[in-house]
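> Take this structure, written in structure tokens, and hold onto it; I'll ask about it next.
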Amino acid sequence: MDRQSLRTTLRAMDASNENGSAKGAKKTTIGSFVRWTFGFNSVPLTTLVTITTVLLGLLVYVSTSVNPPDVTEAQKPLLNYAWAQLGEISRYPHPYFSHDNDRVRQHILKEVYTLAGREHFEGAQIEVDDSQTDIFIQKEDVFDKSAPPGKLTYFEGNNVVVRLSSKNSDKSLGAILLSAHFDSVPSSFGVTDDGAGIATMLAVLKHALAQNEGPKRDIIFNFNNNEEFGLLGAEAFMHHPWAQNVSAFINLEGTGAGGKAILFRASDYGVASHYSAAEMPFASSVYQEGFSNGFIHSQTDYKVYTEGGLRGLDIAFYKPRALYHTRRDNIAETTKNALNHMLVNTIDVTQSMTEADSFDHADQPAVFSDIGGYLFIILPLQYIFVISCLTLAVGPIFVGFLFLLVLRKQINAGTSETILGGWLRSIVSVLVSVVATYFVVETLHLGNELYVVRSFYTPLFAGLGTFIFVNYVLLGFFHFVRPVCDQKLIILLELSVVLWVLLLLSVIHEATHKATGEYHFLILYIVVATASILGLFGHLVTSTETSTFVEGPEDEEDTVDASEATETSPLLPEASPDNAAPSIHGAVDPENQQEDKTLQKIAVSMGYDWSIQFLLVVPITFFVTFGLAASLLDGLHQTPLESEKSADFVYTTITAMSVLVGITFLPFVHKLQVFVPIVVVGVAVTASFVHILSPPFSSNAPAKMRFVQNINLDEGTSYANVLGRQDVLQEVLEYIPSTDTFKPNCSSRGDGVEICNYIAPRPWLIDGEKVSSDGDFAGLPTNLLDVKVVPVNETSSGPFDRFDGRFKISALNNRGCVLRFNTTRFKSGDVETGVSPVKMVTLRHNRVGKTGITTGSGSRFSMFGWTRDPKTGKDEFRSFMHGVDDVTLHKLDWEDPEYDIQLSWIPRWYEVGDPEDEGNEALKNRLGVTVTCSWAEYLDPSSIVDEQGRRRTMDKIPAFTELNNFSPAWSIWSNQGRGLVEVSKYVEL
């Protein structure tokens, strides 16, 4: 039966109905209703698309929402305790370089001893070690991988380390370490970074003591100090004797300001599997890959612990990043629910770990994610790799085999339209839509680059809407002009090919880089390939005529839409005594077959396997792709504040995510009712206008800039140096009164960042200072820093002999200084000047036999070059190959103002093989040293003495106070260096 005879038969049936054939009318009415309701046409498809998109969009929003679940009545008592601790910890900024840092430490000690003195389980043993730990280490810059390798750090640590054990504890199993840092940055109150972690640890200790019996494993709590500037508290712990017995750790962190605490890194599957015990799981291994690939530049103590051989988890608050390290990271900006989310999950995971007999799978990275905040899914990366390899091998074979069977069937039947037709149209449509999507997103990028800091949804919706609309127009047009055998199936097959290639690349990346965030491609390929197999199988089990029948647009109004017949061949034909299953060769009924059998065959050809394909493809792929987009952009969308390259990367990611989410609907888009693309394009246009016309920042998503006041005692200058994105920074400075008197001098730092400096009033960092007769803007705090050269015995002056120089640094009310070096050829921080000539640094202490834990043969770190003389109290560090590029010094004793340093250098070390320079040989042998010391306190005013001898109160750092007071609500300030004030002085040795 050809197309025309079939049409004639159907029209004859309609005429019979009009003439009063009750039976025919009933059959036609039922068939039309079923086809209209369940067939592959615009009404049921549009309904399903709408319902699916709304429900899954809400699910993704709930999954990534910043709002944690509500607190239960059972959780309130412990949460209230933790909340009170958080309030006390975060009363003031408390960086390592501040007196408030000591206040927080004393509070932690007091709470630990208070908890230990209360009732607890029988046989509880609590050990507290608050002794000082000194380390002298040379490591790469934690936050800048491009920095020279010769960075030397002397650190005096005062961690509070607590070990909880019981009579049930099995020492052979190893301990579980809980770690958080109690220091903040100078510009922040440190609520989420990392007061919440400290409060959680205190609450976990309280909870553990309240149990009926003790833990199976010891629990060690490391309340560590100075994570913010080098992860040094964790470094100090790794030299503690208790570190040798740690089996696994949980590191608690914060890089946002509230919300939900996410598991974003895990060392391996063995420890990560214990996160399954979390009551409110929130996790994604995508972020782990972001750290590995360098997309996320910050670091946590997790890095130190894993490099030291420990296994564990990294859990942190992660958004909004714009408030991170600012005064908005305070108790008012977070919630009890946020703290409870970290607390409850930490208790659950800690209990699971302490009860474990062993931690297997140490060599297997973990792939993990939560679903809706209720279910935690985890697999070893090895399993994902094996499944991916099998899928890559089996998928194409199975799909290809079925494809060839369908093609042979169609060719043998002599059909004019085969499954080979129509492959080019979707390729053209996708290419055009990708270009259009890129154009729209890039237009938004150029039109208002930084609005993405405020919301990434506007460019994402604009790009996604563009992609869907362009494909709707083009694929609908192609379908109108020349319908093909099964456009839906052809697109599914093409997507299978593309996803197969992406999966192959992902497998290669997994094998070479242990990538844990690319499992999405495996899911997408399996889903799309399965839908393709269903479509091919449907063609095999139906008759050739009904499975390949093509209807043109002119027949859309006929009783039976033939084009829909081709798009939706049934998965399985209906069985009845009068309708046997068609043969593989597609034999059809004779011309004289009864009309009701013809109607039945047509109804069968309207099969509803499309709905199975839809429900298989759209919900899963949309949830996976949109969830991936939301997760990635949640973590990245505020990074454009840091550089232009970051902005470029974010908008490129938005374009890619728009396409990835959009392909979800690609096989079905040409059948949507017209109002859907109209709504889609309306959303895209609205989102574009909002993006272009709205201010880029708001009080909830402010522009973050950085401040430090630099005082050069040699030049007699005091400048406020502020760093931020170009144009934005200068706009903010227009609000600052001081810049009217002292115009900022701005220069580009490259990558869309500029630095401006202007004359700033002197800081008042020491109580009792006297004001200058010339006013606040005159005079420098010369009493803060002094550097005196101490004579040493002369050494040989041969071209490759060692030179020694000694000097003492006197820095009042100070805990940290940095030494940078320069010669005629070398300059610290400049990798192009070669290897540093400084080969040995000696630090003398005022207290002979200074306490501290030194490294031994059993240390996890091999501290090559560090030696200590217990009789003289000298620390020495030798670094002959790399040299010492710079030295960072820390000290805990506020009453001891001095650092006593001796340097040994070889001026010609780096000149080997180079011709001798002409000039003053004595000048070549000299070593220049710039001493820069930092001060970090600003909130409490200082008491000073004016010209008449009267006491007055002054802001400690007037320039920073002015910025905080006068900057617009859509901007906020963070520290640029270790402190808020840096005072420098230069000497030559």
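Every residue, even glycine, has its Cβ placed from backbone N, Cα and C.
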> Which one of Asn822, Asn965 gets the tag N-linked glycosylation site in Swiss-Prot?
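Swiss-Prot records N-linked glycosylation site at Asn822.
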> For the Zn(2+) 1 site that Swiss-Prot assigns to Asp193, Glu253, which of His181, His240 is also named?
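Matched candidate out of His181, His240, per Swiss-Prot for Zn(2+) 1 with Asp193, Glu253: His181.
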> Can you tell which of Glu213, Glu228, Glu307, Glu355 Swiss-Prot lists as binding Zn(2+) 2 with Asp193, His325?
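Within the candidate list, Swiss-Prot flags Glu228.
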> Would you say whether Swiss-Prot puts Ser292 on the same side of the membrane as His670?
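According to Swiss-Prot, which assigns topological domains, Ser292 and His670 fall on opposite sides of the membrane.
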> For the transmembrane segment (384-404), which recorded stretch in the set 427-447, 461-481, 489-509, 612-632, 674-694 gives the largest number of Cβ pairs separated by under 8 Å?
489-509
> Tell me, in order along the sequence, which recorded positions from Glu228, Asn245, His325, Asn745, Asn793, Asn822 have their CA within 10 Å of Asp193 (Zn(2+) 1 binding site).
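The recorded positions passing the 10 Å Cα test are Glu228, His325.
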> May I ask which of the stretches 427-447, 461-481, 612-632, 674-694 has the most CB pairs under 8 A with the transmembrane segment (42-62)?
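Highest pair count goes to 612-632.
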> Given the glycosylation sites Asn245, Asn745, Asn793, Asn822, and counting only Cβ atoms in the protein chains shown, which has the most within 10 Å of its Cβ?
Asn822
> Return the member of His181, Glu228, His325 nearest to Asn745 (N-linked glycosylation site) in space, with distance defined Cα to Cα and candidates limited to these binding-site residues.
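Ranked by Cα distance from Asn745 (N-linked glycosylation site), first place goes to His325.
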> Test the contact criterion for the transmembrane segment (427-447) and the transmembrane segment (612-632): 3 or more CB pairs under 8 Å, pairs 6 or more apart in sequence, then answer yes or no.
no
> Return only the integer: C-alpha distance in Å from His181 (Zn(2+) 1 binding site) to Glu227 (active site, proton acceptor).
6
> Can you tell me the three-state DSSP label for His325 (Zn(2+) 2 binding site)?
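Assignment for His325 (Zn(2+) 2 binding site) reads coil.
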